[in-house]
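Among the features that TrEMBL reports, transmembrane segment is placed at 88-110, 130-157, 163-182, 194-213, 233-254, 275-303, 348-369, 400-419, 431-449, 461-482, 494-515.
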Amino acid sequence: MAAETEINGEKPAMKTKNKSYYYESNDDLNTYFANNRIEIPEVEKSGFSFRKLWAFTGPGFLMSIAYLDPGNIESDLQSGSIARYNLLWVLFVSTILGFVMQSLATKLGAVTGLHLAEMCHRQYKKVPRLLLWIMIEIAVIGSDMQEVIGTAIAIYMLSNKAVPLWGGCLITIIDTFTFLFLDKYGLRKLELFFVFLISIMGVTFGYEYVMSAPSSADVTKGLFYPICEDCNSAVVLQAVGVVGAVIMPHNLYLHSALVKSRNIDRKKPEKISEATFYYSIESAIALLCSLIINIFVVAVFAFGMYRKTNNDLREVCSNSSSAMFNISSDVFLANDDIVDADIYKGGIFLGCTFGMAAMIIWAVGILAAGQSSTMTGTYAGQFCMEGFLNLQWPKWKRVLFTRSIAMIPTFFTAFFSSLQDLTTLNDFLNAVMSLQLPFALIPTIAFTSNPKIMGKFVNGLPYKITSIFLATAIIGINIFFVATTIQEENLNTYILASIYILSVGYFFLVAYVVVHMFISFTGDTYNEVPWVKKYMILPLDENNRNHVL
């Protein structure tokens, strides 16, 4: 056998041509987990082990925070106020779809030792790879804007308007940097902190659910009865928005990187199988928690704000404390228009209905949602940058750069916009992020269905068909949502022309990753075809492992 080729002075741990799957063992690629991986305990008994489940617990809960960010919470309350309980089943199905796609992302990380962005760096040519990175960065920026704005609104409510929205954005930007240094004290402590924030959301939104006391029968029917009674076009559009809000493109990149925090012996296939098994259980538990919290929010506003007019809520507030009535007078105008619900109006409604304490508790829940999601969004941005661009910057430089990209436009948007402008921005940002879904879903399916990459862990035919169907449905739904949103804006001819031109480039890039996906299904079959070799595929060999930009 020929001597192993050295890479950067080190011998590669494994040759792909001699093994049944490919993995990256260079710890220098991962500055977060290289020296801080969680060890998996060995147990004497065979079968399920709670000790091992506990060791693998953490990444799924960090991932689930994206299902609980302020954008999702606002989508939940709008769903309840527009369609009552009729869209709970859409939320339920969307969470299941999210679980399927997140499971693929965890499998990729567990099997290969590379997260999704790192694998994109090794599988896509330079130009499409850079375009993919830009698309995912747009998704990260859009999500960050929702999260920071939601946090700023929570601070605005908690401070009784003393802290302006731009001030809340500034506070969020600064304290996110502070919290990110928690991982210096150990990864488990950081994960525990995120679980604590999720617990705050569960307690606060659960409190609102108990206070509202919606009908359990109606909630159950909404969850398991997939028919929308008396639904108009606004409800259909809201249903599409629920799907777009739940499944976040950058979350697949995040989750595939987080699973690398466990020390899995990838030389032993049984250890990889064990990791994917426990990660699936942990993700299911985490997403179940997020689903319950989302149900709380939908049900509260389905019970209290469904088809309520501004005058209806003004009357409710007139019977509450004078402080709440004074706050509400600027929010609910004296007319019979149906209330256009958002996070701020939702808090005012709860304060008028159940007292000032209910509004404060709601704001605390939104604060926890916004703060936790801004932190995980920061991680997602850093993983994408280091993976797509193969950057090995120190952590503080990556934090500063990625946060600046997202935070600067957010701060100026908050500084020059009103509260109403910021709350209506949520739908636009959901549309922007929906457009980026193909650039996370399709690569995930492509890589996990590539026998050259996954070996014995490759997706089987039923899984390939199912995942392609789900991805097609999700992408189609979200493109419909975006197209409908654009039509409702009544844009002028020049802006529409620009959108159509950009759409051509967008669909060309989507077509590229789709073709790449089908080539990936065959492993090496088409790798030597001239046009494939030139434009589509980078070979998975030792020379490609440290391929640089």
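Positions of Cβ are set from backbone N, Cα and C atoms, glycine also.
In TrEMBL, annotation is done automatically, which means it is predicted and not curated.
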Cβ-Cβ under 8 Å with the transmembrane segment (233-254): same-chain residues at least 6 beyond its ends: 62-63, 66-67, 71-72, 75, 78-79, 82-83, 86-87, 90-91, 94-95, 97-98, 101-102, 104-105, 115-117, 136, 139-140, 143, 376-377, 379-381, 383-384, 387, 427, 430-431, 433-434, 436-437, 439-441, 444, 474, 477-478, 480-481, 484
Interface check, the transmembrane segment (400-419) with the transmembrane segment (130-157), three or more C-beta pairs under 8 A: yes
Interface check, the transmembrane segment (348-369) with the transmembrane segment (130-157), three or more C-beta pairs under 8 A: yes
For the transmembrane segment (130-157): best-contacting stretch of 88-110, 275-303, 494-515, by Cβ pairs under 8 Å: 494-515
